[in-house]
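*Asks:* Handing you this structure, nothing more for now.
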Ligand SMILES: Nc1ncnc2c1ncn2[C@@H]1O[C@H](COP(=O)(O)OP(=O)(O)OP(=O)(O)O)[C@@H](O)[C@H]1O
Ligand SMILES: [Mg+2]
């Protein structure tokens with residue numbers, strides 16, 4: 001298993017795209033920090049920091065592309081046979097890929113946060129991380145936001161992995177990941193209306209894309225009709241479910 | 001156990017399409033076994049089954065006496081393979097491919113050795129997306145060989161290689177075999193493996209139609225006799241009863257085509273016919289090269305082994 005994880009990391013770190021994407025993310029963060037600095041009225045500093053100077057959105061896009069290609073690329077490059085004929089179980093190969101994806105997710109978030117801290121320190125040295133937001137500090141809300149986004153991202157990525165595994169092409173998976181992301185952004189209002197009309201609809205996976213919002217604004221439970229712990233559990237549950245379906249299809253596949 | 005790989009009564013179907021029928025054979029330690037058959041015969045399918053890549057409907061596969069299946073890959077630790085076409089990560093160099101898959105043990109030495117043996121030094125540090133067809137093929141073969149596995153499975157390894165590269169590969173395979181590595185190598189061109197293999201399996205439409213040593217094939221395979229007698233049907237059944245290798249031509253089922261299996265084959269046949277008082281009208285000696293004899297084999301349904 002250790003060998004497999006090392007091999008996945010080797011592939012990931014030898015792809016130019018991996019480094020290019022990190023560079024792009026930092027560049028975007030710096031650009032937004034500069035814009036904010038030259039024209040403070042353009043964006044609210046608090047919301048910019050909360051969104052890691054837009055780094056959070058970029059890193060989700062990077063992860064969608066990465067999740068889509070980590071399995072689909074093996075089919076695309078014809079390397080899947082080399083990967084599968086060796087002494088390892090298919091489950092080990094699949095899990096090693098999940099672990100490396102998760103590591104990438106964590107590393108990207110850490111980089112985005114560090115850059116945010118630095119940019120804030122450089123351009124807004126007076127920014128008060130301990131200011132009160134509601135009954136909590138800003139820092140507390142920032143960290144809860146990271147946790148919530150991490151959860152929702154895992155759900156989104158599990159869908160991308162499922163589609164990539166079923167269709168064996170990363171293009172389809174990337175597209176559906178992006179569409180899923182934008183739909184969820186745009187459609188949360190509609191979903192809430194529908195939930196209000198048919199209560200059982202609240203359990204559909206799209207509602208779970210609002211878990212991060214509810215973590216930050218607990219009063220949202222009045223419209224999602226679910227307690228926050230239930231919503232967190234369901235988010236994790238759906239992510240696991242989609243991943244397991246992806247694994248079952250991967251395990252049976254003739255190559 | 002001297003058989004490194006053993007395949008017993010293997011049946012495989014894709015949906016309703018039965019692709020392999022009761023395929024059985026062994027690969028002895030240090031032997032080079034050729035798997036020869038036309039397109040679609042089932043060569044790659046056999047290899048995928050041996051590598052636990054597809055599920056089998058019936059049969060038993062063992063490597064070094066350990067069973068292999070889609071869910072039991074332990075024994076594949078000792079196997080290197082190239083199936084159908086090489087898988088290449090375009091963003092890695094050739095050397096990085098080898099580093100990626102090579103075991104820790106003797107990694108650098110093994111990598112250097114295979115690069116040298118296959119003459120890949122000039123381009124091994126270039127990105128693989130720049131490789132030509134033959135360069136990719138060599139890289140695929142190098143990946144199969146780099147860990148010095150006990151069993152190597154190569155599916156049409158000569159694809160895309162120039163004559164010099166073919167010779168270099170042949171020499172290296174023979175060297176490894178003499179050091180104890182076993183090989184299962186497929187091809188649809190028999191002559192490609194003529195100078196290489198110890199044993200030959202002929203596969204047609206999922207059946208093993210002949211299993212022979214290369215030496216026997218070379219002494220016999222080139223020569224056959226078309227015998228005409230006063231009573232072909234009777235003559236033929238007598239020869240078959242004796243266990244002589246008689247082929248049947250579908251367009252002329254009574255025609256007697258005798259394969260020369262050993263230098264004594266013709267003598268035995270004539271002796272049988274004369275003893276049975278069957279009048280021999282004509283004997284035509286037909287000299288094929290190996291390629292034609294392979295085509296004969298496929299085109300004629302063989303009645304007797
Ligand atoms: N995944 C699959 N699904 C359905 N049928 C398949 C599959 N793979 C192979 N076959 C069928 O199995 C038969 C044998 O295929 P196989 O690839 O083993 O032939 P081959 O001897 O390797 O041929 P070639 O010389 O062209 O490589 C063919 O009739 C093919 O159509
Ligand atoms: Mg084939």
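Backbone N, Cα and C define each Cβ position, glycine as well.
Just so you know, TrEMBL annotations never went through curation; they're auto-generated.
When I checked TrEMBL for this same protein, it listed these features:
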TRANSMEM  A:20-38  transmembrane segment
TRANSMEM  A:58-77  transmembrane segment
TRANSMEM  A:98-122  transmembrane segment
TRANSMEM  A:142-167  transmembrane segment
TRANSMEM  A:179-200  transmembrane segment
TRANSMEM  A:230-250  transmembrane segment
*Asks:* Between the transmembrane segment (A:230-250) and the transmembrane segment (A:20-38), are there at least three Cβ pairs closer than 8 Å, leaving out pairs fewer than 6 positions apart?
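*Replies:* Not in contact, no.
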*Asks:* Do the transmembrane segment (A:98-122) and the transmembrane segment (A:179-200) share at least 3 Cβ pairs under 8 Å, sequence separation 6 or more?
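*Replies:* They are not in contact.
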*Asks:* Quick test of the contact rule: Cβ under 8 Å, at least six residues beyond the ends. What residues does that give for the transmembrane segment (A:142-167)?
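*Replies:* Those are 49-50, 56, 60, 63-64, 67-72, 98, 101, 105, 109, 113, 129, 136, 173-174, 176-177, 180-181, 184, 205, 208-209, 211-216, 232, 235-236, 238-243, 245-246, 249-250, in sequence order.
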